[in-house]
Amino acid sequence: MSEEAFVNKVIKGIGVSSGITTGKVYLLERGRVAIAKRRIREEYIEKEIQRFRHSTKSAVEELNDIKGAISDDGIRKHAFIIDAHMLILQDTLFLNDVIDTIRAERINAEWALDIVVSKFLAGFEKVEDAYLRERGQDIKYIYNRLIRIMVKGKESAIDANKGIKGKVIIVAHDLSPADTIQLNLNRISGFTTDVGGRTSHTSIVARALEIPAVVGVGNIASLVKNNDTLIVDGDDGIVIINPTKEVRKDYVAKQLRLKSQKREFLRIAKLKSETRDGFRLKVGANIELLAEMELVEQYGAGGIGLYRTEYLYLTRKTLPTENDHYHVYRKLAENSSLSYVTVRTLDIGGDKFVSHIEMPKEINPAMGLRAIRLCIKETGLFKAQLMGILRASAYGPLRILVPMVSGIGEVRTAKTILRECMDELKEKKIRFNEGIKIGVMIEVPSACMISDILAKEVDFFSIGTNDLIQYSLAIDRVNEYVSYLYEPLHPGVLRLIKQTVENAHANKIEVGLCGEMAGEPLYTPILLGLELDELSMNAYAIPRVKKIIRGLEQSYCKELLAEALTKDSAKEAEYMLRKEMGSLFPDDFIRCYEE
Ligand code: PEP
Ligand code: MG
């Protein structure tokens, strides 16, 4: 750290937990402990092994103490991360690896541990998917704890009360889950770390506790010192070191605005999703992790419209078993605040990859062996998931959603495989909901065009506009060069959605929409005009969308839709919409003036 303090230095990171905070830096410097590398004489090998074993026991005890000292219910829910660390510390494969290395190389325990952990980490570095790669962090946390114990004896707990007056912003190179849990969260108004991503544990905990956090900031821990002033903007993923008075004033105003907005949002969250003229529709949440359930309740979702199960596959080294699936889905099913929980079957392929599923190298993966196509080919994979869903369906309102359907054949095959799973369960006398609803995602243009045929085969539709726009407008959804063409209001897209809704209703089945479009308030009147039965979105978006729903009349939305459908392009439709919404909700939309 240079002696000269920064002024107004803006650093971009990843905003992982929403909100803005301004406060003093509390730097968590957990300096690296240098390890001594020593050769061990034959007669002392067993003693060295005992020393290592002893350190793992102490580490487990420490973690147990940390867990036992948690008094906050919100934090206790996340203690499973600590459990995972304790399991690794008791894992015989891991322990034996270190012990074998001590024996074979005749070296001290720290050195052996360093060799073993480096080997593990090198393996993790090669993993393609970000979530799994990040799990290497868990090994690092355990390594640091063990080394600290072996080198220095008992670790002194991080105590955010010491030397701190008022609330602080924690700045660290990295925070282990145990670090996060040990902190007195009442005294912490924000987090920022050099490393980490959206799916790192600290980010998950910060989000669940609604503490603003920006991670992956590069070298923030070496740029600041204690008592520097910091702004952490978790919405824009920005950290500002020593902001000037003017900037602070702006941010205080933004923070106040967000705070009162949030109070208002949480109030709206509890209200019905109903238009002024009595049209009701369901508002659901899209989730990826069980940890998001609390937010889902808080932000007023009536159900889960889309549970993306890919993360179940990303969070482990091997494929999830039927039991793994069952336990997760059962937790979802048992949540009494949700009237429906839609579990989407594996949608891997395209831009989503899992390292332990063998996938062919494809020139055009978005149109390749993806989602249901892969599941039909790898029936073992599909059946494990379906069996898990079916077994969990005995405990709550689960529904099955099949992604990427392009024709009736895929639906019929999926249903045949589902029936086989049901027969197997019946034979084993295992309970499940025999009337479980099965739906398909409508995200390929051909599925919209044959939605009259598909509607006779399934119980519900869920329109996935993220992919529907990609496939109908022929634009790669992850290609920044064509992102300007990604237009939800494109007349082609609107017509496809309209056709799908009409065909669903003509066949008396429900149709929802779960792409990003559902959570964008500007599009709410169009989606209301289309008469969708459900909108499912990121939980944070729910109150904002509910507010718009409650402020509109559906009859007016139908007129707006009709007008949008007369426009030649998305731009014209959007202009019209912004103008209307700007005058109806001046606080929520920037008005578009006629030139
Ligand atoms: C979609 O395609 O709109 C969708 C919701 O699914 P995903 O984004 O997971 O492909
Ligand atoms: Mg999709």
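Glycine is no exception: its Cβ is also placed from the backbone N, Cα and C atoms.
What TrEMBL says about a protein is an automatic prediction, not a curated fact.
Here TrEMBL has Arg344, Asn466, Asp467, Arg477 binding phosphoenolpyruvate, and the candidate from Arg308, Arg370, Arg373, Arg431 in that same listed site is Arg308. The most crowded of the binding-site residues listed here (Glu443, Asp467) is Glu443, judged by how many other CB atoms sit within 10 Å of its own CB. Here the Cα atom of Arg477 (phosphoenolpyruvate binding site) is found 13 Å from that of Glu443 (Mg(2+) binding site).
Counting every protein chain shown, the Cβ of Cys514 (active site, proton donor) has 28 other Cβ atoms within 10 Å. Secondary structure by DSSP for the domain 'Phosphotransferase system enzyme I N-terminal' (12-135): 81 helix, 16 strand, 27 coil. A Cα-Cα distance of 11 Å separates Arg308 (phosphoenolpyruvate binding site) from Cys514 (active site, proton donor).
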